[in-house]
Amino acid sequence: MAGAIIENMSTKKLVILGVTLLLFQALAFMVGGLIEEGAVVTIDVGLAYRDDLFSEWTEMAHSFEHRNLNCNFTAEKTIENEGRYYVCDPLPFMEVGSVAHKYYLINIRLPVNERKKVNIGIGEIRDIRLVSIHQNGGFTQVWFAMKTFLTPSILIIMIWYWRRITLMTRPPVLLEKVIFALGISMTFINIPVEWFSVGFNWTWMLLFGDIRQGIFYSMLLSFWIIFCGEHLMDQMERNRFSVYWKQVGPIVFGSFCLFIFDMCERGVQLTNPFYSIWASDVGTELAMSFIIVAGICACLYFLFLCFMVFQVFRNISGKRTSLPAMSKARRLHYEGLIFRFKFLMLVTLTCAAMTIIFFIISQVNEGHWHWGDRTVQVNSAFFTGIYGMWNLYVFAIMFLYAPSHKRYGKEQSSGQSTSGEDIQLTTTITHVDGPTELYKMTGKEAQE
């Protein structure tokens, strides 16, 4: 009898066979937790709600979603490390515009279909962690209180401002119209519609909030361009909106592109809160591109605004040469106006810088869950601080640029004024009927 193979096989071949079997055994242990590169997980998710502990659950949404897994095994793939977990990047799950109900139920199922290769190659799911991002109670109370207080404040100053404009015999000029439009956009973003989300299931609140903020951004950026342009004093007739189409046009176009991008995600989420543009590779690249381009454009805008402010300051410095020829009282008066105007321009530039920083950080903060470990911490004080800064700035602009009925000096009260003692800080207001204090440096005739 020849005997069994184990008896006749050489020791060398037997060792090779034993090592091969051992490797296959190790592979059998690890294959359950092995995740393929570029694996896609399919989830069957549902969301339901109820308002007490005894009623039946009411389904709000149900969907089959696909998410790309990006997981790393932090240790070496050996038998000793069998049982360790993969570390996976966070996946976007869902966004809801309001939480008007008391209790919510999330149902997550991972269906497996080998024939259609559904959830094949994703390893063995041992643990699922859900990270919730929401406003806490303290911030919500502060936010609601600020909006409730600031809405009537801006509305009152806006009505007062426009009433003083309409009392004048001349029609309003471009800058006055733009200031009024800025007040309207600020009032629009201030309206505390969030109060209604407490009792109504308005799923469109996130989209509505983005639209309001986009309108305000567009109006604020356009206002700064026109505000600086109207004080350049470059002998151009600037009291027309068409003069600024080259500067304002890109702002409107960029805002429209951001609106379309927002609709691609927020719009779909009105019916499917589990949808996310970050779920696919193409959507992720598109979203990243939009955020990066928006940040670059915001920085370029700020540099252009700094250039315009520099031109304004240079022209104002040229106007100071007219001051020594004035009487002492008028010279001191105009020196005070120049100081006030320069200070207001610096405040404008500071407000613009903080707005640009807030915009960029908000975009990065919103997307950091989608692109890995790069995080930016933004606390509630930053949000409320920027929001309060916008309201104070708009309030100050409408108050300071409202027509003044006060006349300075005896020459003005008697209707006499020498053109040699008048200098100009703006190109728009030359009418004698109610100029503002900052406009009172009248007259291109001083240059002529």
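Cβ coordinates are placed from backbone N, Cα and C, and glycine is handled just like the others.
Feature annotation from TrEMBL assigns domain 'Wntless GOLD' to 34-135.
If you look up TrEMBL, you'll see 136-405 marked as domain 'Wntless-like transmembrane'.
Among the features that TrEMBL reports, transmembrane segment is placed at 142-162 (among others). Within the same chain, residues 135, 179-180, 183-184, 186-187, 190-192, 194-195, 380, 383-384, 387-388, 391, 394-395, 398-399, 401-402 sit at least 6 positions outside the transmembrane segment (142-162) and bring their C-beta atoms closer than 8 Å to a C-beta of that stretch.
Taken from TrEMBL, the feature transmembrane segment covers 174-195 (among others).
Taken from TrEMBL, the feature transmembrane segment covers 215-232 (among others).
As annotated by TrEMBL, transmembrane segment applies to 244-261 (among others).
The annotation transmembrane segment is assigned in TrEMBL to 286-310 (among others).
TrEMBL lists 337-361 (among others) with the feature transmembrane segment.
For the transmembrane segment (381-402), the residues of the chain that approach it from at least six positions outside its boundaries are 142-143, 146, 150, 153-154, 157-158, 160-161, 164-165, 175-176, 179-180, 182-183, 186, 190, 216, 220, 344, 347-348, 351, 354-355, 358, 361, 436-439, judged by C-beta separation under 8 angstroms. The feature transmembrane segment is assigned by TrEMBL to 381-402 (among others).
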Could you count the residues of the domain 'Wntless GOLD' (34-135) that DSSP puts in helix, in strand and in coil?
3 helix, 35 strand, 64 coil
At a threshold of under 8 Å on Cβ distances, which of 215-232, 244-261, 337-361 pairs most often with the transmembrane segment (286-310)?
337-361
